[in-house]
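Colleague: So TrEMBL lists these for the protein:
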type	residues	note
REGION	14-60	region 'Disordered'
COMPBIAS	14-28	compositional bias 'Low complexity'
COMPBIAS	44-58	compositional bias 'Basic residues'
REGION	133-163	region 'Disordered'
COMPBIAS	150-159	compositional bias 'Polar residues'
TRANSMEM	240-264	transmembrane segment
TRANSMEM	284-309	transmembrane segment
TRANSMEM	367-384	transmembrane segment
TRANSMEM	390-412	transmembrane segment
TRANSMEM	523-547	transmembrane segment
TRANSMEM	553-574	transmembrane segment
Amino acid sequence: MSLRSGGRKVSFDLLASDSSGDDGILSLRPSVVFSNGGEDGRSTRRKRKSKASKKKKLTERAALAEDRGLLVGLDLQKPVVENGHYEDKMGLSVSKSRSVVESVCENTVVEPAPEPESSQVSCVSFVELRQRNANGSAGDEPGEEETSTRESSAGQWRPQSKEKITKFAKEGSLDWNRVMAEDPNLLGEVSSSDRSPIKYFMGEIYGGNSLRSTIPAGNEKKRQGVYNTMFHVPWRCERLIVAGFFVCLDSFLSLLTIMPARILMTIWRVLHTRQFQRPNAAELSDFGCFIVLTIGVITLQMTDISLIYHIIRGQGIVKLYVVYNVLEIFDKLCQSFGEDVLQVLFNSAEGLSNCLPDNMIFQLMRFILDEAIAIIAFVVHSFILLAQAITLSTCIIGHNNALLALLVSNNFSEVKSSVFKRVSKENLHSLVYYDIIERFHITTYVLFVLSQNILEAEGPWFESFAIDALQVYVCETFIDTIKHSFLAKFNEIKPSAYSEFLEDLCKQTLNEKPDERRKDLTFIPLAPASVVIRVLTPVYAIVLPYGPLPWRLFWIIFWSSLTYITLAICKMLVGLSLRRLATWYMNQQLESKQHVD
């Protein structure tokens, strides 16, 4: 900004020192130019104007390059405060306060006179250059400062307040010692490492739970999970297995009582009417099952149990464990295959009973083929169950802790193979049904051991037999409890699932129409019945008196009738009890559901 008074002119020149000078620092100082004529003044103003415009362009380019981070050929850094001036590596030194320039202008000028417009623009541009250079090299907050500077270049410059200039003040550095002194617990327990061992140990004693770093505190959900694993799941699972066991017993007694009665009634009707009528599907199914059972018993009667017993007894404990596991696997395979075979046989019986006379031969041949397949399948299954019973009997009679080793190895391998697998609710339902059938098969094995003790044992044997049988049942119950408890825990299955399984079993007992959601217990008692008849026949032979054949036939018929009546009474008691309990449980479930709703 230049002012003229009485033939002399005061202006501010940008004087750049040489390269050999003061490190290329630009200084701003007032200069007095004496002008006697208008021509010299105009030339001087042109030079100042050209210099100011060049410096303005250079400063604007530098500011733009710094904004984009692309300083090509210039190494600009943040300004350094030194002796009240801001300096950068371009060699520009600018005053800290714009008020200094204004005070110099006011002190130098005595009598202001009107100046041409070009001179005013030159001075404004010069001061604007200083403002842009200071803002551009600040670098702390380029957004607001550069925006205001660019807006001031379009119009006339206005002095800014001193508050914004104070932003260039240097902030205090972060003193870590001071921060830690203000907040000693900033790092929590890490700061305890600076304490002495005694203080650390006492702090751990009074710090709360000693396992707080490795075991979090539980809640009501965790407590309920513990109670489910310990109490609710074992109780409901064992209740379901016991109910299923009696359902299997009812089916077993039906095979030995209801099926022979139906067959005798059919034969009596044919003999009484002397007319052969095509049997219905139920009668054909009964005849097919009776043929399978009869052939299975005859085949097992031809088997030498003593030979099989000595072959198995000659093996070591480890081999006994392997043999028992292999037989158990084949038992489950035969159960699954026997279910399909029997369903196919019943379908063939229905087709034969309802077919047309032209299709009679085809349906009859298909029924015979399915009957032959069923005979083979269930005879094999009967042999497998008999071999398992002989293996268990070998371990019980051995008196060398072989039974305990067999039970522990077999049952805990079952836990290992099932507990740590991901199972769904439907798979758990099937697993419970397999455990029910296994419990009934174990009862068959115990009957075989009992019959062998009756036939061959000497001296007092019942006490040891009862202890061994109790050991088998307790171990099996304990393993089933552990297995289902942790299956429910790991798969997040609630104990109410076992109540739903029991409800389905009650509906099956009451012969309600099955729906798509319900899963029924499938148990085929043909193979267990063959084994039981085979092992109990020698026991009946002992009690038969010696004498003529008619006398022996009389006692055979007597004991058979007495056995049938006993089984029939058991069938009625078991069947009626199951139906009453099933009805009671269904009513209880219905009331609880209504109460919840």
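Yeah, the Cβs are placed from backbone N, Cα and C, and that goes for glycine too.
What TrEMBL says about a protein is an automatic prediction, not a curated fact.
A quick note: this is a predicted structure, and the numbers were derived from the prediction, not measured.
Just tell me what is around each of these and how deep it sits.
Modeller: Using a Cβ-Cβ cut-off under 8 Å and counting only residues 6 or more beyond its ends in the same chain, the transmembrane segment (240-264) has close neighbours at 282-283, 286-287, 289-290, 293, 432-433, 435-437, 439-440, 443, 480, 498, 501-502, 505-506, 508-509, 521, 523, 525-526, 528-529, 564, 567-568, 570-571, 574-575, 577-578, 581.
Sequence-distant contacts of the transmembrane segment (284-309) (same chain, six or more residues past either end, CB-CB distance under 8 Å): 255, 259-260, 262-263, 266, 342, 345-346, 349-350, 352-353, 367, 371, 374-375, 378-379, 382-383, 386-387, 390, 393-394, 526-527, 529-531, 533-534, 537.
Through the fold, the transmembrane segment (367-384) approaches residues 284, 288, 291-292, 295-296, 299-300, 303, 327, 330-331, 334-335, 337-338, 341-342, 344-345, 348-349, 351-352, 524, 526-527, 530-531, 534 of its own chain, all at least 6 residues removed from its boundaries and within a Cβ separation under 8 Å.
Counting only same-chain residues 6+ beyond the ends of the transmembrane segment (390-412), those with a CB under 8 A from a CB of the stretch are 305, 308-309, 312-313, 317, 320-321, 323-325, 327-328, 445, 448-449, 452, 465, 468, 471-472, 475-476, 479.
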